[in-house]
Each structure stands twice: as C-alpha cells, then as structure tokens.
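> Take a look at this one; I'll ask things after.
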Amino acid sequence: MGAAFKWGAAARKTVFPLFYFLIFFAFGALFPLLSVYLQEEARLSGAAIGWIMSLPPIVTMAAQPLWGTAADYTRKPVGLLLAALVLAALFGVMYALAGSYRLFVVLTVLLSAMQSAIVPLSDSLALRHVHEQGGNYGAIRLWGSLGFAMAVLAVGWLSDHIAFAVIFYAFSLALLTAAALATRLPRYPMGAPGALTRQDVRGLLASRPFRLLLVATFLLFGPILANNSYFGLLIHELGGTLTGIGLAFLFAAGSEAPFMKAADRLIGRFGMVRLLLLAALISAARWLAYAADPPLWFVYMTTVVQGCSVGLAIPTALQYARRLAPERVQSTAVALYSAVGNGLGAWFCTLVGGYLLERWQIGAVYLFFSICTIVGVLVLLLLAKRERTAGEEK
C-alpha cells in the first residue's frame, strides 16, 4: 500500500506533468503555425486553407467517440494512447514531405484520426489518477499550457531562422518522447473488457444537463480552438512576424497555467457553471476586440486574458462532463465532450472562418466567433437555471 502511494505521488509530481508538457509542446509546435505554412510555403488559397484546417475537427468528431468507447470496452486506455502517439508522430513526419493539396488532405485526415485520441485518453487517465491518489487535475494540466507556450516561441523562432518544415519534426519528436513516457503511466484496475453496453451510452445521451453541456461546449470551444488556426493570420495581417506569433501564443498559453492550478479551488467556491459563464464572457469580449481591427500592440496585451477564459474553461468543463456521467461510461463522456468541442465546434468555426476570410477580412472571422460565444453564454444560463431548479427540488 505504501509503495502504491509513493508511486502515485511520483506519477502526479513527475510523469503526468512531463507527459502533458510533451504532448502540448507537440501541438504548440505544429498547429498555431500550420495555417501560415499552408499560406506562405504551400501557396494555398484562403478557401483551401479553410478546408484543410477544418478537416481535423471533422475527423475528431467521428474518431473521438470511437476512441473513448474502445477505451471503455477494452479497458486498456494506456495501450490505445501509446499507439495513437506513435502513429501521429509518423504522419507528422510524412506531412513535412507533402507537396500537393490532395496529399495535404490525406495526411491531415490520418494525422487527425490519431491525434484526436491523445487528449481525451490522457485526460481520462489523469482524472482517474487524481480520483485514486488525490491531487489537483488543474495542477497537472497547467504543464500542457506551459509546453504549448514554450513550443510556439521556440519553434516559431526556429521556423523563422532555419526552415518552416521544422514545425513537423518538432511535433513528431515531442510525441515520440511522450510515447516513451506513456509506458510509465500508472495502470489502475478496471472492469472486465466488454462491460460497456449501448444502453449505457443511450442513458448518457438521455441526460438533458449533459446535452446542454455539449451544446455549450460546441459554442464556447469551437471559437477557442478555431482561434488557434486564425490567430497567426491575424497577427501576420497586422504586421507581426513568425517570432511575434510565437510570442503571442507564449503570452496566451502561459497565462493559462495559474488559472488551471486554481481551477479546483474556484470550482469549490463558485461552482462549475458560474466559472464557465465567466470564461465565456471574457472570450466573447476578446473576440469582439479582435473584430474591431485593433493595433498589433493591443493584440499582444490582450492575449493574457486567455488565462482567465481558456485556463478556467478547460478543466472546469472537463470535470463537469465527467461528473455528469456514470463511472462505467466516463471515458465515453469525456470523448463525446471533446468530440463536440474539439471536433464539431472547431470544424464548424474553422470552416465558416475560412469562407469569411476569403470573402471579407480576418475581422469578420472574429465577429463570427464572438456571436457563437454569446449564444453559448445563453445556453450556460439555461444550464445554470436548471441546476438551481434541481437544487431547490432536492
């Protein structure tokens, strides 16, 4: 028992934080600069970039529920995570060699199918670890924000001074290192394989609070994740350099860390829905400011508010989705939550953003983001009202 506790403490202090740092370092190395790469190096049109950047959310929407169901069915989430990491790294290297629009499309689909498993499986493992050993999920997840922030700065500088293709090699190297570390992630006893039934999944989807959370996730996280595709173009259009893009992402992602660490304490004090409302209102204000064609210095200054919006929204929404689900379908619930926000919402916002960018300017993209987020605030208000009603009935 003592040995198990020591291993749990060691995993919480070193293995999980380093693992999150590596996987988000990989994402930060590739995705913020990918749209700029497709524009500057591949010479693709705005509509073509919009289509390619909308593919990962489409694939995520289809693949993530399958990964989550597979994890609940096989009871082997670490093995599935390891396979996804290695294959995503392989497709990342192949992406660097692509030279045509069709090849970009094929590799984007393959890469996205593997990459879509990484975060929900990692989150399920981390949440299970915190449940078993104690601790703070936000304190683990903040290392992902730090990894993302360091990657966009370091890889942005390297792509400016060496070669743009370095974004793909940095992505793959970080994922392979994370795969090696994944073999040390703790494995906890789980139910027998095959215990998950269709009735379990139907019961989850029949929950109205869970459905409302999915709608709010679509409207809140769709713009947040689509921003990763268009934020570099916004700064580039305002006169920023690749290193400047890296600095902006550094400020934005780095500001998330303290809020993620404080998320559990704030949840206990204010409640999950109130924190999500605060995050949504801050995001809406930020998108409206970007739609107004602000000066570059203003964009750099306002990136730090991402900590109060995204830094609170990610751990709060994830834990809320898990709380609403029965234990036997929690991996599926996390995967569905991720598929709707990271998949459907991001796809919709990225695709519409591409057409708005082609027809008008980047400001129209951020005006659309603000409208989506404001509608998301209304859904969260409905969810808050339902929670109050349920509390009064009890």
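Using the three backbone atoms N, Cα and C, a Cβ is placed for every residue, glycine included.
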> Would Swiss-Prot have Arg75 on the same side of the membrane as Lys385?
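Topo match: yes.
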> Under 8 angstroms for C-beta pairs, at least 3 of them, ignoring pairs fewer than 6 apart in sequence. Is the transmembrane segment (79-104) in contact with the transmembrane segment (164-183) by that rule?
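They are in contact.
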> To the transmembrane segment (109-126), which of 46-74, 164-183, 214-233, 238-262, 273-292 is linked by the most Cβ pairs under 8 Å?
46-74
> With a cut-off of 8 Å between Cβ atoms, can you find at least three pairs linking the transmembrane segment (214-233) to the transmembrane segment (296-318)? Only pairs 6 or more residues apart in sequence count.
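As far as Cβ distances go (cut-off 8 Å, pairs 6 or more apart), the transmembrane segment (214-233) and the transmembrane segment (296-318) touch.
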> Do at least three C-beta pairs under 8 angstroms join the transmembrane segment (296-318) to the transmembrane segment (164-183), pairs 6 or more apart in sequence?
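When sequence-distant Cβ pairs are counted, the transmembrane segment (164-183) does not touch the transmembrane segment (296-318), since fewer than 3 lie under 8 Å.
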> Which one of these stretches, 138-160, 164-183, 273-292, has the most C-beta pairs shorter than 8 Å to the transmembrane segment (238-262)?
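Per the Cβ under 8 Å count, 138-160.
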